[in-house]
Amino acid sequence: MSVTAPQGFRAAGVTTGTGTDHTRDLAVVVNDGPARAAGAVFTDHPEPAAPVLWTRQVVAGGRVRAVVLHSGGANAATGPLGFQAAHAQAEHTADLLADSAAEVALCSAGDVGTVPRTDPLNTAVADALAQAARGGGLAAADAVRTDDTVAKFAFRRGEGVTVGGMAKGPDASVGSALCVLTTDAALTPEQCQRLVTDATASALAPLTGTNDTVLLMASGAAPVTPDEPAVALLLTRVCEELAAQIAADTPASVTSEPGSPQDRQAHQ
C-alpha cells in the first residue's frame, strides 16, 4: 500500500508519454486531510534544482495538499525558466484540486539541464489526479523509479496510527534520491519537521544530489491522538526499510561512495 497505507491519502502513477518506453514516470500523492501538516529535508547541494527551490517555499508554510513527482526529467541546472516551469506545474495542479499552489509540492529526477515540456506534464497530472485512489500507492512508487529495478515502498502500523513511504535511490546515471512519507497521525508542522529531520538523519542522510528531497505529509485522519515518540519510531523504521531497499538495488559505483546513504546502511 505504500504511501496510501495511512488513512487520508490517495495516489496514482501514470505515464507522460515523453519517454521511449512509455512506462510510468509521474506520480501524485494527495492528502485529503482533515489536516495537511508537512515537513521536509532537502539537499545540501549548493545549486538545488527548481523543484527543490519551489518545495522549500511550500513546506515553509507548513501545509501540503499534494505532491507531484516526475521521474522523466530533473529540471535541474535550468535557471529561471526551470523555476517558472515548476511554478506553472504547481499552479496547474492546484487548479485541478481547486486549491492553492502554495500547498503543492514538487519532486523530480532524471536528466539534468532540460526544462520539462509543459503540455505532457499537465495532461499526465490531470490523468493522475483523476486516477488517484487508496489503491494507487504501488503504482505511484513504480512511477518514481527511474533506473531503479524495483519499486521501493514500506509501511508500519502502530496503536491506531500508520506511517507509509516510497522512495527512489541514487544510481549511476540519475543521482537523485527522493522519498515521500505519509502518516495519519494528527501532527503540527513543527512536529512534522522535527520527526522527518530526525528520521532522515538516522537512515537516509546525507542528501547531496541537486534534487534530493524527503517529504513528510500528515493527514490527521487517525482515530487516536498520537504519541510523538511512537510516531517517531514508526517513521524511523519505515525510513530504515526504504534505505535497505535502496542499498540492495544500487549499483556498486554508487554504493561504494564514502558517506552515501548506501555506505552508511552497509555499516549499520
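Cβ atoms are placed via backbone N, Cα and C, with glycine included.
Listed in TrEMBL for this protein:
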type	residues	note
ACT_SITE	Ser176	active site, nucleophile
BINDING	Thr146, Lys168, Ser176	substrate binding site
COMPBIAS	252-268	compositional bias 'Polar residues'
REGION	1-20	region 'Disordered'
REGION	248-268	region 'Disordered'
Neighbouring C-beta atoms (10 Å sphere around the C-beta of Ser176 (active site, nucleophile)): 28
Spatial separation of the residue listed as 'active site, nucleophile' from Thr146 (substrate binding site) - C-alpha basis, Å: 10
Neighbourhood of Lys168 (substrate binding site), C-beta criterion under 8 angstroms, separation at least six: Ser71, Ala109, Val144, Arg145, Thr146, Asp148, Lys152, Ser176, Ala177, Leu178, Cys179, Ile246
Secondary structure content of the region 'Disordered' (1-20), with strand meaning DSSP E or B: 3 helix, 6 strand, 11 coil
Cα-Cα distance, maximum over Thr146, Lys168, Ser176, record's substrate binders, Å: 10
Secondary structure of Thr146 (substrate binding site) (DSSP, helix/strand/coil): coil
Other CB atoms, at most 10 A from the CB of Thr146 (substrate binding site): 21
Three-class DSSP secondary structure - Ser176 (active site, nucleophile): coil
